[in-house]
């Protein structure tokens with residue numbers, strides 16, 4: 001217990017310090033998020049991953065907080081995913097490489113003995129989906145970090161209830177590291193997670209949730225896992241439907257995520273983060289209660305209710321216009337200049 005508190009405190013301060021120290025190197029390497037009003041250095045990802053790996057690794061190496069069977073491999077795979085994301089932050093790489101590398105890492109950490117082959121393949125796909133959805137959440141200040149903190153506490157509670165102490169410590173360290181990063185990511189952000197941090201956080205959270213639910217039935221586990229990641233699922237579903245209906249390529253970025261639409265309704269950046277954070281908290285609360293068996297044993301009723309609620313929210317947000325008309329080129333612009341700028 002005391003080591004868990006000390007580890008979380010160390011991870012919080014280490015992530016905060018590393019984020020501040022890595023901002024200048026990130027700028028010099030061109031690791032910038034240019035989608036925002038001003039370029040933001042992607043220093044948070046390496047800081048969170050390093051803080052989490054160093055603190056959790058130190059606990060396992062000293063024997064003060066053994067991670068347990070399979071959890072050390074999970075952390076190593078998460079570090080590999082973070083490294084892949086770092087490459088994507090420094091130099092653009094194709095999305096299929098990011099997804100493929102994450103899938104290989106996910107396949108290496110699934111507990112097939114408890115899930116079986118079919119369940120393991122489903123778990124692998126789900127881990128990849130959550131990791132990518134967390135990357136998509138990094139479109140607004142503090143959103144991915146806040147969602148990660150809330151989800152880490154929820155999955156950690158599930159692990160602690162099953163006496164998986166090593167996994168619970170790892171998740172508390174991750175939550176603390178993300179909290180330290182949030183000191184620099186609250187609006188107006190001075191640092192962002194980037195692909196490195198968002199993929200790392202999403203991967204570790206999803207893989208940890210799979211370990212916590214392994215061997216407890218596919219139907220019930222699907223409901224719990226859905227509740228734990230309802231916010232990121234809603235964002236992905238909203239973006240995919242919006243771009244399909246508008247005839248836009250799925251991989252072309254645009255102002256069509258959850259936060260973008262809520263901002264168009266007049267909410268402040270801080271208000272958007274708080275509102276979505278509360279929505280994510282409601283989802284993970286249902287997931288934890290279902291995992292503990294405190295609500296509807298089969299999970300069918302609340303899972304259906306959650307899916308219906310999610311569908312209603314997505315449908316309502318789809319009605320908010322986000323794709324403005326294309327700007328036509330002025331007739332006063334010369335043809336030569338028009339070609340050069342096009």
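The backbone N, Cα and C atoms fix where each Cβ goes, glycine too.
Taken from TrEMBL, the feature transmembrane segment covers 6-26 (among others).
The transmembrane segment annotation in TrEMBL covers 47-64 (among others).
Taken from TrEMBL, the feature transmembrane segment applies to 70-88 (among others).
Among the features that TrEMBL reports, transmembrane segment is placed at 118-137 (among others).
Among the features that TrEMBL reports, transmembrane segment is placed at 142-161 (among others). Cβ atoms under 8 Å from those of the transmembrane segment (142-161) belong to residues 44, 134, 167-168, 171-172, 174-175, 178-179, 181-182, 185-187, 189, 193, 197-198, 201-202, 205, 208-209, 211-213, 224, 228-229, 231-232, 259, 272-273, 276-277, 280-281, 284-285, 287-288, 291-292 of the same chain, restricted to positions at least 6 beyond its ends.
Sequence annotations record features per position, and here TrEMBL assigns transmembrane segment to 191-212 (among others). If one looks beyond the transmembrane segment (191-212) by at least 6 residues along the same chain, the residues whose Cβ comes under 8 Å of a Cβ in the stretch are 19-20, 22-23, 26, 31, 33, 36, 40-49, 52, 70-71, 74-75, 77-79, 81-86, 88-89, 98, 102, 105-106, 109-111, 115, 123, 126-127, 129-135, 137-138, 144-145, 148, 151-152, 155-156, 158-159, 162, 164, 167, 170-171, 174, 178, 181, 184-185, 224-225, 228-229, 232, 291.
According to TrEMBL, the feature transmembrane segment maps to 218-241 (among others). Residues 119, 122, 126, 129-130, 132-134, 136-137, 147, 151, 154-155, 158, 202, 205-206, 209-210, 250, 256-258, 261, 276, 279-280, 283-284, 286-287, 290-291, 298-300, 302-303, 306-307, 310, 313-314, 317-318 of the same chain, all 6+ positions outside the transmembrane segment (218-241), place their C-beta atoms under 8 angstroms from a C-beta of that stretch.
TrEMBL lists 271-294 (among others) with the feature transmembrane segment.
What TrEMBL lists as transmembrane segment is 300-318 (among others).
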Tertiary contacts of the transmembrane segment (300-318), defined by C-beta under 8 angstroms and 6+ residue spacing from its ends, are 219, 222-223, 226-227, 230, 233-234, 237-238, 241-242, 245, 258, 261-262, 283, 286, 290
Checking distant contacts: for the transmembrane segment (271-294), what same-chain residues at least six beyond its ends satisfy Cβ-Cβ under 8 A?
140-143, 146-147, 150-151, 153-154, 157-158, 161, 186-187, 212-213, 220, 223-231, 258-259, 262-263, 302, 306
